[in-house]
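Now, the feature entries from TrEMBL:
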- 30-169: domain 'Peptidase M16 N-terminal' (DOMAIN)
- 195-377: domain 'Peptidase M16 C-terminal' (DOMAIN)
- 382-666: domain 'Peptidase M16 middle/third' (DOMAIN)
- 779-877: domain 'Coenzyme PQQ synthesis protein F-like C-terminal lobe' (DOMAIN)
Amino acid sequence: MSYEVLADNIEKPLVDDREYKFIKLSNELKVLLIHDPQTDKSAAGLDVFVGSYKDKDFEIPGLAHFCEHLLFMGTKKYPSENEYASYLSNHGGHSNAFTSFEHTNYYFEVNSGHLEGALDRFAQFFIEPLFDESCKDREINAVDSENKKNLQNDLWRFYQLEKSTSNPKHPYNHFSTGNHVTLGDEPLSKSLNVREILLDFHDKNYSSNLMNLVILGKESLDELTAFAIEKFSSIANKHLPERPDYNNEVVYNEDSLVKCTKAKSIMDTNKMELTFMIPDDQDSNWEYLPAGYYSHLIGHESRGSIYYHLNELGLISSLSCGSTKVCSGSALFVIECELTPKGLENYEDIVVNIFEYLKLIKSLSPQEWLFDEIRKTNEINFRFKQKQNAAQTVSRMSNSLYKFASNIPSKWMFNYTSKTKFNPDVITEFGNFLCLENLRLQVSAKTFSGFTKKEKWYGTSYEYDDIDKKLIQRIQSCSLNENFNLPMKNPFIPENFEILNKNMPNSEPLKSPFLIKDDNQFQVWFKQDDQFNVPNLILHLFLHLPKSNDSIESSIKTQLFCDLLDDELNDISYYASTVGLSLSVNQWRDGILVKLNGYNDKIFTLLKEVLAKIISFQPAVNKFELIKFKLLQDFKNFGYEVPYLQINTNFLTMVNERTYLTNDKIPVLEAINYEALTSFIKEDLFSNVFVESLLVGNLNMEQLNKYVDLIGKSFSDIPKLDTNLNNVHKMIKLQSHTSDVNVIVDLDLDDVENVNSSIDYFVKICKPTDYEQRSLAELISTIFHEPCFNQLRTKEQLGYVVFSGTRILRNYMGYRVLVQSEKSPNYLRSRIENFFSMMKDKLADMTSDEFEKYKKTLIDKKLIKLKNLGEESSKFWNSITDGHFDFKANQKLVDHIETLTQDQLIEFYNKFIEPSTSKAPRFILNLNSHKSKFVALKSIIGSSDSEIIELIERYEDNIEELVGSVTKQKNESSDFKANLLQEIKTKMEEWFPDFSDKRIKFNEFKDFPKAGIPASVEPMSNFHYAESHL
């Protein structure tokens, strides 16, 4: 036999219909095979037990990450650099990869039926990759762009700072992402060929005995085994050591412990981290769960916890903790707190309080009842764990399989946390490591100043010193704090797991929920779980409250109310969250959305707590100030998020009525006081209500009727809206316009140091219910997806973030391209439109077989099966809240896709996409970096000469010499502008079509004509329970 079976009796959840087999091939490659008879997506993930720590051997930071990038660029068998990506895209798939300290993880997903072809291409990356010289510089630029998008991200900055102040003899200390300097400039200055070094890196580190592979497919286990043997047995086994050797060095040696780092943040956020060195024995101690025991207690948020006490004192707004294995030989336990201004001023008090709570835990000795609660919860969550998507499954499992080759029995790879045993000695021993001698402290704030040190790679300002002696003395002498106690026994642990759909007659799952109540005050939708067989329920309760967002001020007051209510409920809701029962209360659209998700046995217990509070709730003054400060921080920090995330939110703000720019909210929030909020809650917020609700899951009609009665009584004293449901939906309308003018809106980044700009380019096409036009738009999107990424990111190197696809809004849908780049948005627009024009030939030359394959890929995507209750609930809720109630939209689209012709596609392309022929309106949102090289140029030429600027930005790569000479050419002659314009136009090889552009201010968009009211695709009576489901 060419393989060894490591496990074929793997324990799995009760609801899991997959089959598993864990084997080892003759070359020592370990493979987990997963047969999923229901899947329409196949996947594979391969994890190499080699990561960025190996960079140090070659003295090139980022080398492992660079290897991850360049590995995808062609193989001897498939030399085309985009063969793999093209194959996946053409068959409804995608791929990704990541590099960590000791691992590099590669994975893909593809439509079932195309797994073998994908595996054959995937395997070659580990057999005969080309590392093509022609791709080297472009991928160095890609790594550099990836690094630059993180330069203003505090998470990355402080993580690197922690590493840079760690043990210099350990590879944890180094810079792992890489950039143009480390991968390009420095090797070149030393006459080093980075590609040759990369080949050496790959040859010395990529070995089959250090690899784990997971294959998930519809094929039988025997077929999947044959795939693994055929495709992957040729990977060379170099018999490399399976445990990395760091010469007995750990990430923090004695010289780097009992230290305090203070750092200046980019965002207006105050944070503190307590990091403890702990033994690297969490895998070997998996049976006893000592770190889990401590993280459960320290991270608890109920009355008597660290969080509860410090939050009541106004010192912290959040607390989280947990253990992480950094690498072989080193592990950390981290407690992170978000501090208020008062907390920042008194951060040492917080540290002392944490040590007082640790003292309490140790003084009480390990509690078996508490350990049993944790184990029982893990067991319940395992028993009813639902399927996750194929790509996530293979990536996660390939990354963790190494655990099951040494410590944890392979048959328990999915449920080892429920096989734990109470061992008080191990728990006590672990607690001894959470001590002053193993501590590192990091405090960060935007208000810090005067630091003299700068971290090399991200430029973070900081100071680094021993922990203050007075604080050390306070920690050493701390005593028990009467405000602290252990949590009570959890009242939300479910006990009844009966599945209620056993007698349902339907052989096929219902395609839509039905209306159980539908009048002028309530609309309640319900669908019993008829396919996943889990004791879970997902409940959406949406309170339409007209005065909740009739102005920017009322919208913010409603958000404050929700945040304060959520804080008030936290003491009890946290208990629920520890057993997988989640609660959220959010301001959304024209009201408040309450969502509960978890085991149905205790879900109504939690709901009653929420309903009892929501109407009568009046916030406390001290909590108002705390929550207001946190919300204000969030508003201010939004402008420091990565540009592509900002621009997506800003676009949705632009096209929706009664939505507001975050920067416009700041002064309004600052002016709101406690009295104004409480008056709003009492007089306005609940002046009228319409209740819209959806329940999906394990529920019978008797329980459902009790729910309807409960919400009826809860809101009986609130006047109903004096409109019907259609007018309730009318409150949220999408902006639209019908002219052929391209609307361009410019915004500037708040973060003046961010080098990246972004563009969100949207072509409006049709209403979401125009299935013929929508099916053509989605087919265009399918065809364009891989070429767009390949052209704009891989070939033109515009930036790390390039996305294309359809965008479906409530009243209309369209096609969008989003790019984040150091290039200017005007230039990005020109390249996007150049790409549109390039695709004309591809569409014209497409064979009928290719056309039919694209149609098949899109049809497969539309018919993809729901994997869990959460996906089903989200699908139904989106169909309800968009106002169309189009639960069968995907099947309607499939019916139209099947009839599409190539002539229709080309006609659609010319009408909507091709720049020279399309009259379709375009909404273009630009988010401009202050670091653009054109900022200085604008000041030289003059802000009035916008036409010159736009021309130069649009064609910047073609006229670099012209840009460089502009400053010398500027003079006072009256014909300067005309001459320069003519010179620019003369230099253009291809002249951009003359579009009608209208540049407007962001808020001017609100003055455009409004879109129509979303309408149901069929009479609402068709959804009533009696008519449609009995």
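The backbone N, Cα and C atoms fix where each Cβ goes, and this holds for glycine too.
Keep in mind it's a predicted model, so treat the numbers as computed, not measured.
The domain 'Peptidase M16 C-terminal' (195-377) and the domain 'Peptidase M16 N-terminal' (30-169) are in contact, since at least 3 Cβ pairs between them lie under 8 Å (pairs 6 or more apart in sequence). The helix, strand and coil residue counts that DSSP assigns across the domain 'Coenzyme PQQ synthesis protein F-like C-terminal lobe' (779-877) are 62 helix, 17 strand, 20 coil. Regional average pLDDT for the domain 'Peptidase M16 middle/third' (382-666) in the model is 94. Counting residue by residue with DSSP, the domain 'Peptidase M16 N-terminal' (30-169) contains 61 helix, 30 strand, 49 coil.
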